Amino acid sequence: YKKNPAAALLLYSVLENDKEFKFCGFWNHGDGLRNLVYDLKTGCNSIYISANESTLSLRGEITAQCVKSEVMPLSSSPSPSPGPSHFCVYWEPLLDRLMVKVGDREIPLCKSRGVQTTCCTNLSGGRQTPARDYGIINASVGGDPITSKVMAEYEFGGDSINCKEEFCEKVVQKARGANMIEDAVMRSNTVGNVDLPCAESSVIEMNEDFSGYNLTLTVRAKKDPTTVHLPACLKPPNKTKAKVVCTYYKNISMFQGSEKVLDEVIGISVENEIITNLPEPVRIKFHHSDILVSVCCVSWDTRKDNEITWREEGCVTVHINPKETECRCNHLTYFAILVCVFSVLCVCSVCKCVCVHVCVCFSVLCVCQCVCVFMGALLHYALLSTLCWMAVEVIQSFMMVCMVFKRLDPNPWIWYLLGFGFPVLPVVILASMGNIYGQRTVMSSDEAAKPFRMCWMTDSRPALLAHFILNLGFLAAVASSGCIMLLQVVRQVQNTKHKEWEQNRVKFLSIWGLSCLFGTTWTLAFGTTSETVVFFFCIINSLQGEFSNCIYIYIYIYMRSQKNPEQHLKNCRISLTSV
């Protein structure tokens, strides 16, 4: 680069066309008074940066609105020693902002007048004028050195572009593009609305008498805009004035991580402040379509998480209606509506649409009176069959324990007939009477206007009479017999010697377990009707098959270690049939 400065500038213009321009170097000046001379006009041609013994000069046409011309003294007395002095020229085309820094002194030549639509950028190197003694040495652009030789003047030419579109295309590709948008809006010195292709911002100035503010983010082509309530406690107490920026992000691709957020993201920040633990929350009201999944309010704190991480901490979700959700948060950052994790279960249920459709068709069929009568009779038969098999268990246990010497060994078909055949008789008789089975209405304790309907025994007088006599009477007889049988077994065990007990422990386990499972637990249906007892009744009795299966597995494993397991297992085959 030192041998060929022109080639260095050409390489820079090809490889580094940054939107924000930074030119730095050392001004080799004399020991007299020094001045800064600038002449700035609107347009997009070239900017010339030059220096001589006493003057650092900027002139050109690159600004969008700024027109300035002035001679500014840099020193009030001659310098005790000649240069060089370090200086930099900063140009931000998006904000139409130009600043010069000489030594430690910052001199704003053009202050920002808002976010510009059209601007002059992509400044690339042009003509250079060499110097002999005084001028610019060790020049660099964007940190990349150009030449170490003394130059009297540098020329940079620009291109006119749509700055807002270019800016949005740039930020959506950045990991923290949202921060760049808020920073640009905050430094634009704008109060009011700032419209970008990727976001719309509103800048509110909080004065000493700030008592809260209600803001409506009016987004084009949106029927129901998002509303934000800023509480009075948002203003820092140690400042007389402060700016708050509320940004609605139209392009949410920069916020999509592993979790799914809806179509709106709101960012709120206060100028040069970190706001947390607000006594009164910020309220953001989102409007969305009527969705079938659960949603919750979340925020992304960029100070804690470098990558996109949505958290519910610090936010309370208020579901106003299916199309409106309000987020109440005690801090400022980026806020959104997130599809909650448990809503994935709803998505999984959609995949089983065939099963759902079958169930819907079955429910529709049950509306038919004939089908409902059949279903009620079928359920009643299942209940009576269960009670009959409980009775079979009690009878078999009695024969095994009490009738040791006069033991009968009936054919298994007798047990099948009692368990499966006997319940058919009362069901057929009741069905022939009519008005016994059908739709029954059960009033809800929570919502009396929405009763439950099921296919069972109706609430007619004959049906209620059959329920109390047949169902409850039979259940009481079987359950009480099971309890008596269990006590009898315990008594027999106490009178048995240790060796005999070891030999009959599997038989005792079968008798005790099946007697308990198929009789005594049903006594919970009598007496108190508290929710706790009802829950225990449903859970324990619905797992009778599982309990019986566990007992059978234990018996089977034990019997395999015996010499003649078939003879021992023969006594429990009938018991296992009911499982």
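Heads up, the Cβ atoms here are built off N, Cα and C, so glycines get one too.
Among the ranges 8-27, 508-527, the one that TrEMBL lists as transmembrane segment is 508-527. DSSP labels the residues of the domain 'GAIN-B' (206-345) in these numbers: 11 helix, 61 strand, 68 coil. The average pLDDT for the domain 'GAIN-B' (206-345) in the predicted structure is 84.
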